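> First the structure, which I've put down as structure tokens, then a few questions once you've had a look.
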Amino acid sequence: MRKKAIYPGTFDPITNGHLDIVTRAARIFEQIILAISANPRKKTMFSVIERERLAQETVKHLPNISVIKYSNLLVNFAKEQKARILIRGLRTTSDLEYERQIASMNHYLSPDLESVFFMTTTQYTYLSSSLIKEVAQHGGDVQKLLPMPAYQALKLRLDMTINC
Ligand code: ADP
């Protein structure tokens, strides 16, 4: 039971920073669920189905990672999945403050659930899905920052927007 971990997030879309964290986590835990949040209040570029497909294509070479979308409270999703570990990534001190608050709340809601933090690999410290989307929207080259399926989907989405 302890060896099953959940890596939750919005993944709009999955980036090389996310891939780095989940790949490292997959070497430590037996089974990882990359859990895509379907929170309808959060405005995303890609639908939850698209985000799920992009993540699936990105991690398909890693047999102990499965991709599942969820729309309920994360601690309840973790209970359903019989997982007791949550994985989160840390880039900056502002991530740390935010993550500390979320982890404390999750611990209050479900004391058996432990949050485990992975420090970002230095080269990905500045990567976030939102910054990548912003740069791409202004014509910046983000190809090396995204897994190929996510890059192609982003390019297609932006080309469609420009041509509309
Ligand atoms: P959320 O909207 O829940 O923050 P994200 O999809 O943006 O979801 O991120 C999911 C998790 O991955 C978070 O813990 C976030 O801090 C982490 N993360 C995102 N980008 C990176 C990165 N470049 N390096 C390390 N961790 C990252």
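The backbone N, Cα and C atoms fix where each Cβ goes, glycine too.
Source: prediction; values computed, not measured.
Sharing the record's features from TrEMBL:
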type    : residues                                                                                                : note
DOMAIN  : 6-134                                                                                                   : domain 'Cytidyltransferase-like'
BINDING : Thr10, Phe11, His18, Gly89, Leu90, Arg91, Glu99, Tyr124, Thr125, Tyr126, Leu127, Ser128, Ser129, Ser130 : ATP binding site
BINDING : Thr10, Lys42, Leu74, Arg88                                                                              : substrate binding site
SITE    : His18                                                                                                   : site 'Transition state stabilizer'
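Map these features onto the structure and tell me what's around them.
Across the domain 'Cytidyltransferase-like' (6-134), mean pLDDT in this model comes to 96.
DSSP gives Leu127 (ATP binding site) a coil state; it is part of no helix or strand. Listed in sequence order, the residues of the same chain lying 6 or more apart from Leu127 (ATP binding site) and placing their CB within less than 8 Å of its CB are Thr15, Asn16, Gly17, Arg91, Thr120, Leu145.
Taking Cβ-Cβ distances under 8 Å and a sequence separation of 6 or more, the neighbours of Thr10 (ATP binding site) in its chain are Ile36, Ser37, Asn39, Lys42, Thr44, Arg51, Ser129. According to DSSP, Thr10 (ATP binding site) sits in a coil region rather than a helix or strand.
The Cβ neighbour count for His18 (ATP binding site), using a 10 Å radius over every protein chain in view, is 26.
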> How many Å lie between the Cα of Thr125 (ATP binding site) and the Cα of Arg88 (substrate binding site)?
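Cα to Cα, Thr125 (ATP binding site) and Arg88 (substrate binding site) are separated by 14 Å.
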> Could you give the Cα-Cα distance between His18 (ATP binding site) and Leu74 (substrate binding site), in whole Å?
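Each residue's Cα considered, His18 (ATP binding site) and Leu74 (substrate binding site) end up 18 Å apart.
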> Rounded to a whole angstrom, what is the C-alpha distance between Leu74 (substrate binding site) and Glu99 (ATP binding site)?
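With distance taken Cα to Cα, Glu99 (ATP binding site) is 14 Å from Leu74 (substrate binding site).
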> Measuring Cα to Cα, how many Å separate Glu99 (ATP binding site) from Arg88 (substrate binding site)?
8
> Identify which of the binding-site residues Lys42, Arg88 has its Cβ surrounded by the largest number of other Cβ atoms within 10 Å, counting every protein chain shown.
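In terms of Cβ crowding, the pick is Arg88.
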